[in-house]
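Input: a single structure, listed below in C-alpha cells.
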Amino acid sequence: MTDIDTLVHLLKYDTAHSRFPGEVSADGDYMVVNRNRIKLLSERDPEKLPWGKLGIERVIESTGRFTDKISVEAHIRAEAKKVLITAPATGGIKTVVHGVNNELISDDEIYSTASCTTGSIAPMLHILEKEYGIESGFMVTVHAFTADQNLQDAPHKDLRRARAAAYNIIPTTTGAAKAIGDVLPNLKGKLDGYSYRVPVIDGSIVDLSINLKNEVSVAELNEVLKRYSDTTLKGIMQYTEEAFVSSDILGNTHSSIVDGTMTKAIGKLVKVVAWYDNEVGISNRISELISSI
C-alpha cells in the first residue's frame, strides 16, 4: 500500500477518530503498537503471502479486490485456514452478520461479513421478520463519502461518484439490499434500495420502509426494538431516544443505533431508522466474527 512510516502516521492520527490512544512506532518491517510487533507485508498475489511460515491461521480480506471464492482461495493455498471477506462476496460464500445468523458458521474455510450497511439493517430486519413478518420494503442509506469517490470532479465509472464528494449529495447504488437475502433467506427479493453519499467523513444513517404482514403501533414496535437491544442483540444493536446527529455516534461500536424518535407506523407500513458509524461498527463485528469462524 505504502511505506511503514506513512502507515504509522495514519494510525496515530485520524481525522474522524482523533489520535490513537496508545503508542505506535516503526521498527524495520514491523509496526509496533503498545509494544506488540506486527509484521507488515506488501504483496499483490495472495498466494505468495507467507501465512504458513508466519503461523497465521485467520485472514481478514479487506482489499476489495478479492471477493469471489476462486480468488480468495489463494489465501488458503498460502496456508491460511480461514478467510473473512469484509465485502459482499460471490461464488457460494456464506454471508454472516454477527449476532443475526451465526448458525451459518460451520467448517467452511471462507466467509463474508458483507458491508457496514448490511450489518446495520440486518438486526432490524431480523426482528421485524421474526415478530411481524415482512412482505416487502425499501431502504435508503445516507452514507458518509468514501475513498471510492472523487475529491474533485474527475472520471469515474459511476458518473455521480465522479463528482466532488465534499460538495455534493450523490445518489448511488448500495449492495446492502441484495446482500440481505444471503443473511436472511426469507427476505430474498423482498428488499431494494439505494444510497445517498453526503459530505461527512464518517457517520451514516439508514432508513427502512417496510410493509409488514401484521399491523403494529409505534409504541409497540419501539418496545420490541428496545427489548432486543437489551437482550439477544445487546452490544450489536442500541436503542436510543436521544436527539442524535451524525457526529454524536462516531466511535459507537454498535452495528445499529435505532432512533426511536423516528419510528413511524401506518397500519402495516412502518419506518425504522438507525445510525451507524460505518467504520467502527463493522470493524468491531469483524473482530468478533473472525474469532468465531
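Positions of Cβ are set from backbone N, Cα and C atoms, glycine also.
Caution: TrEMBL annotation is automatic and unverified by curators.
Since the structure is predicted, the reported quantities are computational estimates derived from the model, not experimental observations.
Going through ARG77, ARG160, ARG197 against TrEMBL, the one listed in the D-glyceraldehyde 3-phosphate site together with SER115, CYS116, THR117, THR146, THR174, GLY175 turns out to be ARG197. Close to ASN278 (NAD(+) binding site), meaning Cα to Cα within 10 A, are none of the binding-site residues out of THR174, GLY175, ARG197. In sequence order, the binding-site residues near HIS143 (site 'Activates thiol group during catalysis') (Cα within 10 Å of its Cα) are THR117, ARG197, drawn from ARG44, THR86, THR117, GLY175, ARG197. The Cβ neighbour count for THR117 (D-glyceraldehyde 3-phosphate binding site), using a 10 Å radius and every protein chain shown, is 25. A count of other CB atoms within 10 A of each Cβ picks out HIS143 as the most crowded of the recorded positions ARG44, HIS143.
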